[in-house]
């Protein structure tokens, strides 16, 4: 039993879990975050609100890590980056579930 | 109450209501029996079948009635896979199909089959080349593609998919639930499914059409009803009403579709102008005439639905907090668009322009209030 995903805008969290070999991002982030926001256990849109409130605490070009385990955050943080013209650096799985979602402040 | 959730279910069409009331008296007997009242029920059933067949571009003997659109999809997917077992075991489907397609695929996987999911663009349109490639690879047993997406309204490239399927010799199941009765149906399908309550017929009637020559084997125990495709006693009065509604909608579709589409254009243009931090999702042009979806940043979908309900508007949402699964909609996820603060507005036949004016008037303040309750100003 296997499942292959072909093309498309986005991978679902399940797809990432099911096929770690196909995830584009490396397992470890290349650049350590300047700020980590712990939104574990918080439901969307709270993680996004926390990110929007605090992104300006890092310098332009700096990276913020959002720790979140609401599946909606996996899609919504990158979508927020696109809408707000910040950069989604990558989403890295956390050992106990959820992701560390890295965002670069662009302006 | 302004009802703006036609994509969940369209209110009963007046033509369907009249037909239903008449058929409850005339068509209650068992259409499989041979006495007068039974023959009358059978005649009503076959007349409805012929009418639906003509409207969807099929032969009457290709059309069966099911108990729902979901059942039509389940039988269409599993029956075609069963009939094609020797040809292959791989089911190809877009990432944004209705859950009935994906759940039937999951059952197929559970039985040792395979499912290949083809991704979509940011607007929710399937990648036609990737779809064609997936269908052409050896082992494809069936491909599934909706005519239009149920959550964001984007039309799918069904005719291109049908061409690719024809070349590869793979049957194509087209799920027409959202567009039947609203837009002309595409050609080139092998199996077509639809749901009467989405076009203004009563609930409890689905359509399963299987083209002559397509191999299909029932995944259920044998039953002689509906050409051995669908088990159980037919709901003749509801089927008669469904056919009447489809006929009436087909006649109105062009003019009413144009009117609804202009209202949707207005919502698409006005919502981002009136409400800050909103993303309107789905294709702006290649879309259903009556459906528009947008997501509001920093807003909980459930709160938005509750407040809109209080203000007298019935809408739906693909946000996770409004779903029993606590997962956001797989459609919004596959598109990579915001899943929270999501609202789907789908206009029923005859909706008044005043309702849309009022919706646009109350929305900005509702969003502002919810945001400020979360500390966002």
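Glycine too: its Cβ is placed from the backbone N, Cα and C atoms.
Sequence annotations record features per position, and here TrEMBL assigns region 'Disordered' to A:1-30.
The compositional bias 'Basic and acidic residues' annotation in TrEMBL covers A:11-20.
Tertiary neighbourhood of the domain 'UPF0033' (A:37-61): same-chain residues 67-70, 72-73, 76-77, 80, 84, 86, 98, 103-107, selected by CB-CB distance under 8 Å and a gap of 6+ residues from either end. Feature annotation from TrEMBL assigns domain 'UPF0033' to A:37-61.
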Over the span of the domain 'UPF0033' (A:37-61), count residues by DSSP class, listing helix, strand and coil in order.
12 helix, 2 strand, 11 coil
Restricting attention to the domain 'UPF0033' (A:37-61), give the mean pLDDT.
96
